[in-house]
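For reference, the structure discussed in these notes is given below.
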């Protein structure tokens with residue numbers, strides 16, 4: 001168990017942004033953002049967070065992206081490289097979003113971003129942050145664990161957090177949608193849901209989880225001191241590709257039925273992981289037991305990832321000294 005000491009006051013989260021449709025075929029986030037935008041217009045409610053439909057062209061065509069993955073366009077180099085006339089749409093769009101939410105790293109950038117995603121993997125509700133020293137995200141996840149009837153898994157940076165509530169959190173730091181050095185970033189992954197489809201139960205889970213996140217932020221900004229306690233985290237160890245034909249590079253096996261849908265369940269050496277198209281079983285040959293996630297994610301076929309493996313550990317959060325700073 002890791003122990004963390006928290007003694008500093010934290011500033012309010014004054015500027016909050018919610019982004020959906022970073023991938024245009026992940027429809028829960030697309031329709032939730034549209035619903036929130038409609039509600040804002042009807043209620044003329046300026047207290048709502050900044051709302052961003054991240055990739056409107058891809059959402060209109062129900063595609064993950066138009067030319068390149070928008071979720072890979074927010075590095076410092078990508079945002080500051082010279083922009084040519086032939087630049088992909090997503091590269092141009094990333095700079096537009098950076099202008100709204102940032103500029104990245106500036107004093108004017110937002111304080112908190114929640115980016116909405118769907119996965120075809122059986123990961124439930126998953127929150128993703130960019131650092132295991134991000135006390136705000138850790139306390140948020142701890143609060144979910146204590147107050148929700150939802151089962152939550154969390155990834156922090158190269159780490160994932162697990163909660164016994166129906167939500168889970170996950171993200172790789174280098175994949176973060178917009179990582180501002182002074183900004184708290186949380187991505188929400190909800191699944192399983194096929195891409196290009198919206199399922200009512202998955203949409204409702206995402207909507208409920210987002211309402212809980214925004215409610216927690218209001219409590220935080222009012223100076224609430226949140227109880228400490230343990231948070232289980234899953235740290236990324238490696239990605240595993242499908243077995244492939246050495247000459248054609250085509251995959252020659254699918255996820256084994258005994259592994260399918262077992263995200264964040266312990267995988268032991270010798271357990272089945274793939275079944276070849278000729279019917280043979282391929283087992284996990286690692287030296288330690290690990291926790292798989294993003295098992296058979298549709299969008300990761302193009303990235304050469306059959307599943308990822310993580311190591312589970314525990315962080316102990318303290319209560320003392322954790323409150324907002326009302327002087328700011």
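Cβ coordinates are placed from backbone N, Cα and C, and glycine is handled just like the others.
The domain 'Succinylglutamate desuccinylase/Aspartoacylase catalytic' annotation in TrEMBL covers 14-161. Averaged over the domain 'Succinylglutamate desuccinylase/Aspartoacylase catalytic' (14-161), the predicted model has a pLDDT of 85.
If you look up TrEMBL, you'll see 23, 26, 117 marked as Zn(2+) binding site. Remark: residue 117 (Zn(2+) binding site) has 22, 23, 26, 29, 187, 188, 189, 190 as non-local neighbours, by Cβ distance under 8 Å and separation of at least 6 in sequence.
Annotation source TrEMBL lists active site, proton donor/acceptor at 189.
The annotation domain 'AstE/AspA barrel-sandwich hybrid' is assigned in TrEMBL to 230-312.
Every protein chain considered, the tally of other Cβ atoms within 10 Å of the Cβ of residue 189 (active site, proton donor/acceptor) stands at 29.
When other Cβ atoms within 10 Å of the Cβ of residue 23 (Zn(2+) binding site) are tallied across all protein chains shown, the result is 24. When the domain 'Succinylglutamate desuccinylase/Aspartoacylase catalytic' (14-161) is classified with DSSP, helix, strand and coil residues number 57 helix, 30 strand, 61 coil. Secondary structure counts, DSSP: the domain 'AstE/AspA barrel-sandwich hybrid' (230-312) has 3 helix, 35 strand, 45 coil. Of all Cβ atoms in the protein chains displayed, 30 besides its own lie within 10 Å of the Cβ of residue 26 (Zn(2+) binding site). Excluding 23, 26, 117, which define the Zn(2+) site, the same chain contributes 21, 22, 24, 25, 29, 64, 116, 118, 119, 195, 299 within 8 Å (Cβ to the Cβ centroid), listed in sequence order.
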